[in-house]
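Copied from TrEMBL, the annotated features are:
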- 61-494: domain 'Major facilitator superfamily (MFS) profile' (DOMAIN)
- 57-87: transmembrane segment (TRANSMEM)
- 99-116: transmembrane segment (TRANSMEM)
- 128-146: transmembrane segment (TRANSMEM)
- 152-173: transmembrane segment (TRANSMEM)
- 185-202: transmembrane segment (TRANSMEM)
- 214-237: transmembrane segment (TRANSMEM)
- 343-366: transmembrane segment (TRANSMEM)
- 372-392: transmembrane segment (TRANSMEM)
- 404-428: transmembrane segment (TRANSMEM)
- 466-486: transmembrane segment (TRANSMEM)
Amino acid sequence: MGLVGGEENGNGERVGEVHIGSKNKYKRMDSDFIEEDLALCSDGMVITRKNSNSKKFVFLCAIFASLNSVLLGYDVGVMSGAILFIQEDLKISEVQEEILVGILSIISLLGSLAAGKTSDAIGRKWTIAFAAIIFQTGAAVMTFAPNFRVLMVGRLFAGIGIGFGVMIAPVYIVEISPAIARGSLTSFPEIFVNLGILLGYVSNYAFSGLPPHLSWRIMLGVGILPSIFMGVALFVIPESPRWLVMQNRIEEAREVLLKTNESEREVEERLAEIQVAAGIANAEKYEAKAVWREILYPSPPVRRMLITGCGIQCFQQITGIDATVYYSPTIFKDAGIKGNTQLLAATVAVGFTKTMFILVATFLIDKVGRKPLLYVSTIGMTTCLLGLSLTLTLMGKGKIGIGLAILAVCGNVAFFSVGIGPICWVMSSEIFPLRLRAQASALGAVGSRVSSGAVAMSFLSVSRTITVGGTFFVFAVFSAFSVAFVHKCVPETKGKTLEQIEMIFQNEGEWNSQELEMGDIQQLVQKE
């Protein structure tokens, strides 16, 4: 049985041990000490360390890695308004409108599937760069598209780039972040998605007064600008230390860990844990076929990870968040708002609300925990979706109905942003073992994109059949199911190292029983 990071206390007992073996039992990790700026000297004294530099560096890496998410958010936000002018300029049908909006999510699954293998081959850092290049190509093609066909070609490139980006950013951040801040930092991509959505809404409103043939092109063209910042990012962010270890580039991994951790002792402990997780300690090598074989024919622990990771990704989308964002002008028009400028002004309020509450989630995710926020999020969304359905169905198109509709939409995106929005990406990136992380995260992203595409490409047709209010009642039912899913299939991962999280899924009782909290995990003592 192997031990990682153990040391003796005053009673001769070992603390900080992770037992790697068939029983998968472990003792209290010492992350409390090292991640609260404390280090033990040889004479037993406790010294407070200055760790602002490492924290700032990790923070900066998380920001730069999340820039691709601005592109996704901007595209989602800007298309909700640009489609009004594209329809007027290119004379596209309602079916073409649904395809144009929804195809991005369907095509992005190709990027997500390819991103896992690509990131294992060329590294997480350069996969982020590759995603930006592909998206910018698509944005340029869409900006100068003379007809619907060329517009769809640009949409194809943009979708593949987004597929790469949404999968690789959380994986990179979760692999470079310390456990104590991993939840907050891994929620950065969702923050930047929301920021992009808000910028897209603002762009819609700002350029809505231009002639139709010009306004939508400028709206889409502005999305090319973030590429400048991505170029700068490549000179700042390092490669993922866990990927470097997988390539047996141990010294390079150590150099990165020295920049992102607070002490050399902590670096060596993290490096040892990563080496064990990567299989280097046992000289194990996982080929791509072996990885996919383990995912497609999973053992019980891997199956539980897939249920949690892929399930939360699907529930994030089938509750209708993309329909709310993409088609918010349609929702508000059904509520009684008239005029494109007024409709787009109302969407700015939605984007502002969504962005503000994702910031709230960032501060709470590592303090309150994942699961409590998921309960608040899913229950709140269910209430707001039901309220929106009843408002659109019963209230008519008066001022009260308009006010309630705006309140319900803003409430829905607020509850989404405070919980399942960011936590979905955090959990799907942190629950899988290192050897499977890239491919399994890609599979989860595929589930998210397929669900998103199905919702976006069917919303107008379904709404015409059962009304907009009826459609949101269906979303409310799905949201109610998501509450049960969170209760049954999502464990708490706050404060745990990636290696500890892997151990939770080894036992079905720990996976679906919520009696085991972080304090219990850290103070478990192996019982022989």
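Cβ from N, Cα, C; glycine included.
Comparing 152-173, 185-202, 214-237, 372-392 for CB pairs under 8 angstroms to the transmembrane segment (343-366), the maximum falls on 185-202.
By the count of Cβ pairs under 8 Å, the stretch nearest in packing to the transmembrane segment (214-237) among 57-87, 128-146, 185-202, 372-392, 466-486 is 57-87. Beyond its flanks by at least six residues, the transmembrane segment (466-486) meets 311-312, 315, 318-320, 323, 330-331, 334, 371, 374-375, 378-379, 381-382, 385-386, 388-394, 420, 459 of its own chain at Cβ-Cβ distances under 8 Å. Contact count against the transmembrane segment (57-87) (Cβ pairs under 8 Å) is highest for 185-202, out of 99-116, 128-146, 185-202, 404-428.
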